[in-house]
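Take a look at what TrEMBL says about it:
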SIGNAL    1-16  signal peptide
DOMAIN    42-155  domain 'DOMON'
Amino acid sequence: MYITLVICTCFVTVFSFPKGFISLVPIPSENFEFYDVLDTNKLFHLFWKFNETHITFELHAKTRGYIGFGLSPNGKMFPSDVVMGWVKNGNVHFADYHTTEHSAPVKDHSQDYTLLNGEENDFGTVLKFVRKLDTCDENDYRISDDTVRIIYAHSENDPNDENDLRWHGTESRGVKFMYLLNAVTKPDLSGNIITRDMTQTNVRLCFKDISKHF
């Protein structure tokens, strides 16, 4: 009789985040239908839902400074429809802006984004807001089922006021191409579906390999 001894070794990876951050993942305020991570470092997390007329966003960013979030027609920082927000001394600052050049964003005369909630938590800063799909404002992006270019940025510090929106730097920004109104659905495999199994014979697997995929 042979007895096989299996020894399991556990590896623990310790992630290092800036002081003051505890949670590794954001916790949304409700069950949103859609979710995506905007950057490879997993600092920006976007939750959203929509109906026939409006879309609601909830943005979680691992920062204690300001957040910039925008919709761009070309994937660049300008011209773009953006919102800026931050939490300072327990007070939430949030407004609708647009960009025209390499300079601070310009505050819109028509404020078409409505803030629903803003806070700082163990993950970072949270901004929840809603807007119409089509605001009929020339400075706002009309949201459709086409590809949307999401731009985002953050700063480690809060501005002194809305006129002190300092540049976030090159390492704290990005863009992601995505669909907001086109949900990814699972294909319907019911009905008259014919399946075929493909097998491969006479394949030699090396002893050191657990499995091979063809």
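Every residue, even glycine, has its Cβ placed from backbone N, Cα and C.
All TrEMBL annotations are machine predictions without curation.
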For the domain 'DOMON' (42-155), what does DSSP give as the number of helix, strand and coil residues?
0 helix, 63 strand, 51 coil
Give the mean pLDDT for the domain 'DOMON' (42-155) on the 0 to 100 scale.
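Across the residues of the domain 'DOMON' (42-155) the model's pLDDT averages 96 on the 0 to 100 scale.
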